[in-house]
Amino acid sequence: MLQQKLNKLKDGLNTFSSKSVVCARSKLFDKRPTRRPRCWRKLSEIDKKFHVCRHVDTFLDLCGGPGEFANYTMSLNPLCKAYGVTLTNNSVCVYKPTVRKRKNFTTITGPDKSGDVFDKNVVFEISIKCGNACDLVLADGSVDVNGRENEQERLNFDLIMCETQLILICLRPGGNCVLKVFDAFEHETIQMLNKFVNHFEKWVLYKPPSSRPANSERYLICFNKLVRPYCNNYVNELEKQFEKYYRIQLKNLNKLINLLKI
């Protein structure tokens with residue numbers, strides 16, 4: 001029922017022009033301008049609440065271009081070893097020069113320089129450089145779903161699964177991660193996330209204040225990677241936490257559409 005309501009509202013947004021939606025969204029949800037980019041602010045808010053980016057010696061930034069998650073983490077840990085992987089054939093995704101040129105930042109792109117985490121050669125290079133070595137892995141990847149918002153969960157499934165596998169390869173025991181997720185209505189999505197969180201002592205689903213409340217973006221924050229995973233069933237708890245954010249999103253989508261109708 002919640003899924004149907006959300007999909008109907010998302011479809012409703014498509015009846016308005018992109019310019020109108022952007023203006024209404026900014027009016028409703030954007031706070032006064034700040035000098036920090038939104039992605040920086042999101043990780044800063046996550047860190048202030050959960051303290052995952054402090055005292056980091058080595059971290060990996062997955063699908064992180066243009067690099068604000070990496071930038072924030074390096075600002076707190078100026079002497080750390082930082083690794084980043086992002087697509088190089090998309091100008092939106094590449095790391096900006098202020099990140100790329102940092103002496104302690106290494107970009108992993110694979111032999112063909114693609115930076116594609118689905119490429120086995122890129123995965124191999126990541127595992128060689130970062131395997132079992134990272135205190136923190138950040139995974140902020142997403143697939144462009146413009147015009148196909150109701151398919152966002154399905155379109156991002158493979159990427160999120162790939163990121164979870166790389167997180168488990170690269171985190172040392174005791175390490176933490178921040179993983180962007182979207183909806184989890186489908187059985188395969190919730191089962192994938194259930195299997196993943198069993199590798200950690202604790203986990204929580206969170207939407208930072210700078211993440212626009214009408215979208216489906218949330219972050220799964222996992223603490224203290226285990227040497228041996230649990231065999232717990234967290235499906236009900238995952239569904240409960242997701243439902244809380246579905247209801248918040250529903251409320252804010254209604255606000256957005258009501259404003260657009262004026």
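Cβ coordinates come from backbone N, Cα and C, glycine included.
Per Swiss-Prot, the features are as follows:
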type     : residues      : note
ACT_SITE : LYS180        : active site, proton acceptor
BINDING  : GLY67, ASP140 : S-adenosyl-L-methionine binding site
DOMAIN   : 34-226        : domain 'RrmJ-type SAM-dependent 2'-O-MTase'
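Here the features listed in Swiss-Prot are placed on the structure.
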{"residue": "GLY67", "record": "S-adenosyl-L-methionine binding site", "DSSP (3 states)": "coil"}
{"residue": "ASP140", "record": "S-adenosyl-L-methionine binding site", "DSSP (3 states)": "coil"}
{"residue": "LYS180", "record": "active site, proton acceptor", "DSSP (3 states)": "strand"}
Residues satisfying Cβ distance under 8 Å from GLY67 (S-adenosyl-L-methionine binding site), sequence separation of at least 6: ASP61, GLY84, THR86, TYR95, LYS96, THR98, VAL99, ARG100
Around the Cβ of ASP140 (S-adenosyl-L-methionine binding site), the count of other Cβ atoms that are within 10 Å: 23
Pairwise CA distance, ASP140 (S-adenosyl-L-methionine binding site) versus LYS180 (active site, proton acceptor), rounded so that it is a whole Å: 5
Neighbour tally for the residue listed as 'active site, proton acceptor', based on other Cβ positions within 10 Å of its Cβ: 22
